[in-house]
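Peer 1: Let me begin by handing over the structure; questions about it come next.
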Amino acid sequence: MSPPGKVPRKENLGLQCEWGSCSFVCSAMEEFFDHVTQHLQQHMHGSKEEEEEDPLEEEFSCLWQECGFCSLDSSADLIRHVYFHCYHTKLKQWGLQALQSQADLSPCILDFQSRNVIPDTPDHFLCLWEHCESVFDNPEWFYRHVDAHSLCCEYQAVSKDNHVVQCGWKGCTCTFKDRCKLREHLRSHTQEKVVACPTCGGMFANNTKFLDHIRRQTSLDQQRFQCSHCSKRFATERLLRDHMRNHVNHYKCPLCDMTCPLPSSLRNHMRFRHSEDRPYKCDCCDYSCKNLIDLRKHLDTHSKESAYRCDFENCNFSARSLSSVKSHHRKVHEGDSEPRYKCHVCDKCFTRGNNLTVHLRKKHQFKWPSGHPRFRYKEHEDGYMRLQLVRYESVELTQQLLQQLQEGSDPGLALNESSLQGIVLETVLGGPGPEEETEEEGRVVEGTALSASQDNPSSAIHMVSQTDTQGQRDIVYCVLSEGPGEPPPVSETLKRDGKARGT
């Protein structure tokens, strides 16, 4: 099918054919496709002659350098695949130009041999714009065709001074103020990428994401922005800000108090904690489980022989589980027997995180955060893993938690701020987070003490421990503090942690 029309393109593209040993170079996509089509026609003609000699040996292999694709189904699969190589070549050129415009960035350091590895193509590129359903084998022509729909879309009046364009994609009702926004939106339907890394071949939806891909590969001494929550480092403040959104819990389980940052996390929680469905069943016994990983671990128990062996030279250790071999390797061959976990209350050290968990619960009477099944530990500058004392909640979730607390509060409850222990739940302003566990261990305390008015953005709400009828204190994660729009720096967090613990 001929191209549905030219679109503005960047100048001076060096489109180099990588079919076999071909060295053809041009600057226009139309000329590039014509050239590659000749390769395809010659290749397909040769494949037909081989098929006549041996009909059982029918296959369609791609000769693009560093590719290795082979289709046993039809020549149409190969045609779509090779045309995608052409489109990918253009994106890599655009990536090269974007990289050359950033004098402070170094090239990608990932494996150059993956530069021509492209995703599996669909059976066809189908336009689902209303009353269209055009089909293409060439992704370039398909994306241009969809662009034409956006450019020809008529404005609709929703009021006297307000006109919008509506997306005509099947099942979509989105509207936009201008055609450019509609064009960008359509990429979410077509999965179109606009730039690729010239080194590793990775494709991206915009230049910003591509340049982030490069910046993430900077050396450690250039990664000057550190996450105060998990200690990961980043090259730019914006990368850090994007990363920290993944720490903010925006979604709450409707069946318990578990909160999480992503819809996918909530789905997993619902499946593992509130569903009785166990679709993965063992063929050797009555065991069933909720995921494939657990089933594979279980199947190892049916093996009479050790399925896993230590690959260290002259070591004969073997075990029926991979985790046992990994643990053996860390302790015996890596010398990882030194304690890495330290209690933040009494400084006692442990070699394993679950031992510290038992210590915190029995020695210091810590409770898991309501709706959460375990403690989380964070590596500090001295190399020790200590209890993570900060959890970020969105404003909406915090208000929901506070409402539940107020509805169940006991006005006669005696408060004792010296007994405060636990997690600071930082309230973070902003919209929903990006797209992507056991039974509750006691409620968050019922009493609240307000250190300031709730309308004050700097107020802190202390959820303190209560004394039951037997005179036993129930120590829980106890501090909610509302901060400004971004999570606090390390220094501010440390100050609040010390205050929360009464230090």
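Cβ coordinates come from backbone N, Cα and C, glycine included.
The zinc finger annotation in Swiss-Prot covers 17-39, 125-149, 165-189, 195-217, 225-247, 251-274, 280-302, 308-333, 341-364, and the record cites sequence analysis as its basis. According to Swiss-Prot, the feature region 'Interaction with NPAT' maps to 369-503. Look at Swiss-Prot and you will find 481-503 tagged as region 'Disordered'. Annotation comment: Swiss-Prot describes 493-503 as compositional bias 'Basic and acidic residues'.
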Peer 1: Between the zinc finger (308-333) and the zinc finger (225-247), are there three or more CB pairs that fall under 8 A, provided the residues in each pair are separated by 6 or more in sequence?
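Peer 2: The answer is no, given that the two segments have fewer than 3 Cβ pairs within the 8 Å cut-off.
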Peer 1: Please report, as numbers and ranges, the same-chain residues at least 6 past the borders of the zinc finger (165-189) whose CB is under 8 Å from any CB of it.
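Peer 2: Cβ under 8 Å, 6 or more out: 128-130, 146-147, 149-151, 153-156, 158, 205.
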Peer 1: As a quick check of your reading of DSSP, tell me how many residues in the zinc finger (251-274) are helical, how many are strand and how many are coil.
Peer 2: 11 helix, 4 strand, 9 coil
